[in-house]
Every structure is written in structure tokens, then in C-alpha cells.
Amino acid sequence: MDRIRIVGGERLKGTIRISGAKNAALPLMIASLLTDETLTLHGMPRLADVALLARILGNHGVDVTIAGKRAGQDTNDGQTYKLTAAEIVDTTAPYEMVARMRASFWVLAPLLARCGEAKVSLPGGCAIGTRPVDLHLVALEALGADIELDAGYVIAKAPKGLKGNRIHLAKVSVGATHNALMAAVLAEGDTEIVNAAREPEVGDLAACLVAMGAKIEGIGTSTLQVQGVSSLHGAEHRVLPDRIETGTYAMAAAITGGDIFLEGARAELLQEALEALRSTGVEVYEETGGLRVCRNGHGLEAVSVETQPFPGFPTDLQAQLMALMCTAKGVSEVRETIFENRFMHVQELARLGARIDLRGDTALVHGVNGLRGAPVMATDLRASVSLIIAGLAAQGETTIGRVYHLDRGFDRLEEKLRNCGAQIDRIAG
Ligand SMILES: CC(=O)N[C@H]1[C@@H](OP(=O)(O)OP(=O)(O)OC[C@H]2O[C@@H](n3ccc(=O)[nH]c3=O)[C@H](O)[C@@H]2O)O[C@H](CO)[C@@H](O)[C@@H]1O
Ligand SMILES: C=C(OP(=O)(O)O)C(=O)O
């Protein structure tokens, strides 16, 4: 299994181009199931999750082609995917594939909406909590679907089509909002989705659905109003820049006392995280075409955060902020309110010399003077990248195992960091 090796201590300087967001690209690809015409997605990131989802969609009959694939053509602007679901050949999403990725569960609604039936394995994804799907099922039931659970599969049926209704999501859920929205656009009549997730990736999906002919109002708010249409058509859409990748490289710049321009980053997608960074003493400012993050000579101050649905501090940046806080002055309180088991990085950061006490849903990070390199193990996607951030600042060599977690969600990570002066490479084996 591959490992990543970092020799820490280099100040990162230069430009990092932000890729299209994984968490937008995946539901956008799935939206291709809703039409028999071609959906063209520009700015797609090169990620293992994208490749796996392309295979899953292929199983259902989606023809997926990638343009601009030759070396050099797509390095800055991502890839262009053309997805055409002229005919759905299979409405079953098998366990072997869905169990590896959370987002693949979102094929449930479009398959059901278009074909009147779907059989989808319960999902996998990062092991960061129990991650139930009750809200997804309640939403589809509200639109008239019959749902049954059998041998690890959700079997959903709506032979006479879905009917618009009021869907009240008891808890804010990104995935349940995606599923509810993709079902509602082809349901007969009007649907109101109340307490919808306001994450920018939900807005990106909604904008793409509108380009495909859907009628949606309230995009970006917690109440989405959908007027069902009988069919959708093809469209072209550019994937939103990745706010989690943006925040991750911002923290890498901060921990190394570096100066990085994040090209294509959009501040409004992660205001709360940028505010937290500024409170640590890091300079963050908007420049034409992106964001600059630098820390010149100042020490880092401890800051406390609590993860919350958008526009709050994102859970997908919690591990990275914790890495940054390891060398800050004072004690930082990091409270995780979204997932009950998202502190797997704590014991690995401790191997690098971090001092962190865990108290239920809160981690108390006591800043230390410096970190020292060590072998560590990636446990999930964002935990892995928190180890990269810590390794960049640690003295000596850090090796990180199980890097397949990183490849799920970070497009050419080593190359991007190496271009800014990091000593980082991948050891095959
Ligand atoms: C591919 C993708 O976009 N993944 C993101 C998505 O995951 P995902 O869509 O799985 O996360 P949700 O927003 O659904 O989860 C939020 C909370 O709701 C709970 N819940 C969710 C559904 C449900 O039916 N019942 C229920 O109780 C979850 O256990 C969790 O505690 O949003 C998360 C929260 O921003 C991010 O961390 C993930 O990176
Ligand atoms: C938790 C994440 O991904 P997934 O929902 O696919 O497990 C993530 O992107 O941080």
C-alpha cells in the first residue's frame, strides 16, 4: 500500500489552483440519471470517488466520457465529463460499489423518479459515525414512495410516479436534501423541502437542475420550493470550487508560516472557517481571482470552534483546524456536533507530539512548541489531510499510511504542495 512521506519545516510559498468540489461533483454526476440527454460537467476534479461513481453510473447505463484527458490539457481547469443516461439499464446499485462511498446512495431518488423503482444498497463512506439514512427515506415516502429494507438494500417503488408534497427534514442533512430535491423535480405537482441543507454544494446541484429545466425556488435558503416537471433535458454546468480543499491549503499555509495564493477560491463559501483562521493571527484576504493566506513571523493563537451545518464551521475542516491548533499558543476547544466519531485523527496527531484531551464531543488542544515527524496512519479522508498539515510543520520525516483515503477527495495533493516548496512524495508499495 502506498504511503506519503513528508520532510517538514518548509514554508509554503506560491499558488495553488483550487479544484472542483468533490461534494458538488458527485451529486451533479448523479443528476445525469434524471434525463436521457447529455449533462456536461466542466471543472471536474480528478478523484478516486469520481472514478468510482462513474463506474456505478455506468452500471445503470450512463455513458461517461471524459474530455481534455491528455496530459497538460486539463491541469488547471479540471476535466470535462459528458454523462448520457439515454436508457437506464439497471435500477439496482450493488453493495460492492455503494458500500465504498456515501454519495452513491443518492442514485436512489433519480432512479426512483425516472424509472418508478430502485434498489440501492445501504451506503458506506468515511467511518466517522453511524450515518443513518432515515431522513432520505422519510423524504421519499412523503412523495409517495413505498420503501422496504431487505438484506442491506433499500427497495423503493413508485409505479405511478412520485407526487409533490411537503417534506420536513427533522435534521439538516446534505444527502437527504440532495435525494429529496432530485425526487421532487420529476414529481407531479409542488414540493416544499423544509429545513433543507444550505451547503453550497446543495445550491450547486439545484442550479444545475434548473439549467436542466427544473423549477426550483429558494436556492441557498432552508426552504426549497419545487414545481415538478415531466422531464428534464441536457445542460452544461461548471462545478463549484472546493471550499474544503480551500480551507485545507489555507491551514497548510498557516501552519508553515507560508504565503499562498489560492487561485479560484471563493471566500463566501467558507467565511466562518476564514474567520477562525484570522482569529489565530493568520492574514487572509481576497485578491482578484482568489484568496491569499499568509503568516509572516507571528505565532499562532488558539481559537475555539464548534462544527455546524453551513454557514457554520464545517465538520469537513475540523481535523485540519485541529492540526493547526497543535502548535498554537494556549488551549483550543474543538467541538464536533455533526458526527459522533470524528476524532480519529487525535491519536495519530499525538504520535507527532500533539497534546489533545478528548472529553465527549470536545477536544482540548494544548498548543506545544513544535511537532516531530513519525509514522502515522490515515483513518478517513479529512483526518488523513490533517496529518499532512501536521507533517508539513513537524521536524523531520513523517510517513502516512493508507493514503487511499486522501485520493478519494484531494486532487493531485502532492503535486500542489510540492509546487509550493513542500518536501512531499509518494512511496509505492
Ligand atoms: C459526499 C458528501 O457530500 N459528504 C458530505 C455530506 O455527508 P452526508 O450527506 O452523509 O451528511 P449529512 O448532512 O446527511 O449528515 C449530517 C448529520 O445528519 C445525520 N443524518 C443524516 C441523514 C439521515 O438520514 N439521518 C441522520 O441522522 C448524520 O448522521 C449526521 O449526524 O455532508 C456532511 C456534513 O456536512 C459532510 O461531512 C460530508 O463530507
Ligand atoms: C465525509 C466525507 O465524505 P463522505 O461523505 O463521502 O464519507 C468528506 O468529504 O469529508
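Even glycines carry a Cβ here, placed using N, Cα and C.
The 10 Å shell around the Cβ of N23 (phosphoenolpyruvate binding site) contains 26 further Cβ atoms across the protein chains shown. The secondary structure of N23 (phosphoenolpyruvate binding site), as reduced to three states from DSSP, is helical. TrEMBL lists K22, N23 with the feature phosphoenolpyruvate binding site.
Sequence annotations record features per position, and here TrEMBL assigns UDP-N-acetyl-alpha-D-glucosamine binding site to R102, R131, P132, V133, D134, L135, K171, V172, S173, V174, D316, I338. Counting every protein chain shown, the Cβ of P132 (UDP-N-acetyl-alpha-D-glucosamine binding site) has 11 other Cβ atoms within 10 Å. A coil conformation is recorded for P132 (UDP-N-acetyl-alpha-D-glucosamine binding site) in the three-state DSSP classification, outside any helix or strand.
Positions annotated as active site, proton donor by TrEMBL: C126.
Sequence annotations record features per position, and here TrEMBL assigns 2-(S-cysteinyl)pyruvic acid O-phosphothioketal to C126.
Across the structure, K171 (UDP-N-acetyl-alpha-D-glucosamine binding site) and K22 (phosphoenolpyruvate binding site) are spaced 23 Å apart at their Cα atoms. The UDP-N-acetyl-alpha-D-glucosamine-binding residues named in the record, R102, R131, P132, V133, D134, L135, K171, V172, S173, V174, D316, I338, extend over a maximum Cα to Cα distance of 22 Å. Between the candidate binding-site residues, K22, R102, K171, the densest Cβ environment within 10 Å is the one around K22. Taking a Cβ cut-off of under 6 Å from any atom of ligand 2, the binding-site residues R102, P132, D134, D316 reduce to R102, D316. In terms of C-alpha distance, the listed binding-site residues R102, P132, D134, S173 place R102 closest to K22 (phosphoenolpyruvate binding site). Ranking the binding-site residues D134, S173, D316 by how many other Cβ atoms lie within 10 angstroms of each Cβ puts D134 at the bottom. R102 (UDP-N-acetyl-alpha-D-glucosamine binding site) falls within a helix when secondary structure is assigned with DSSP.
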